[in-house]
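*Asks:* Quick one: the structure is below, and I'll ask about it shortly.
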């Protein structure tokens with residue numbers, strides 16, 4: 001039987017958010033080269049929220065091709081500081097560089113969701129959050145990264161707000177779910193509107 005609702009992601013955090021909301025779904029990660037999709041957009045000067053939306057759409061369309069009758073949720077998150085777009089750090093040294101760049105500044109998270117069925121886009125949404133990181137010393141960055149280890153490599157910005165990363169911040173504006181990479185309230189509203197979940 002074809003699943004009714006599919007999350008096109010391997011992210012344990014996105015799966016957890018959907019499970020905690022009581023949604024019945026399957027998770028099937030997209031098989032796309034994200035950097036190959038993203039590179040021409042960045043070269044053309046696309047805004048970070050546009051990049052997030054295009055990546056979310058590419059993921060959903062890829063999975064929809066395998067499960068055409070299912071409603072597929074594609075999602076992606078980009079992070080920017082001024083004109084600089086951040087990606088997941090490659091290693092701990094790169095994570096330290098991210099934290100140095102973000103220290104004492106306000107950056108933006110852009111979390112996109114796209115719903116696709118039978119290859120057709122039914123809905124797109126991009127949520128935004130502004131996060132102000134407190135000034136961090138070199139010693140603190142080193143101690144923090146020694147505690148969190150490779151978990152720092154699993155998200156843009158080298159932090160996880162749902163864990164010890166919350167200690168890095170002095171101010172946050174925006175929806176918590178958007179920060180975690182899946183704006184749940186707009187998503188749940190659209191799923192109710194489509195009759196996918198009980199409303």
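Quick reminder: no glycine exception, Cβ is built from N, Cα and C everywhere.
Look at Swiss-Prot and you will find 13, 77, 162 tagged as site 'Important for substrate specificity'. Positions annotated as active site, proton acceptor by Swiss-Prot, on the basis of sequence analysis: 76.
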*Asks:* Cα distance, residue 162 (site 'Important for substrate specificity') to residue 13 (site 'Important for substrate specificity'), nearest Å?
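*Replies:* Just about 10 Å between their Cα atoms.
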*Asks:* Could you state the CA-to-CA distance between residue 76 (active site, proton acceptor) and residue 162 (site 'Important for substrate specificity') to the nearest Å?
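*Replies:* That comes out at 18 Å between the alpha carbons.
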*Asks:* About how far apart, in whole Å, are the alpha carbons (Cα) of residue 162 (site 'Important for substrate specificity') and residue 77 (site 'Important for substrate specificity')?
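*Replies:* So the alpha carbons of residue 162 (site 'Important for substrate specificity') and residue 77 (site 'Important for substrate specificity') sit roughly 16 Å from each other.
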*Asks:* Counting Cβ atoms within 10 Å of each candidate's own Cβ, which of the recorded positions 76, 162 comes out highest?
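*Replies:* Neighbour-count leader: 76.
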*Asks:* Got a sec? Which of these recorded sites, 13, 77, has the most Cβ atoms within 10 Å?
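*Replies:* The residue with the densest Cβ neighbourhood is 77.
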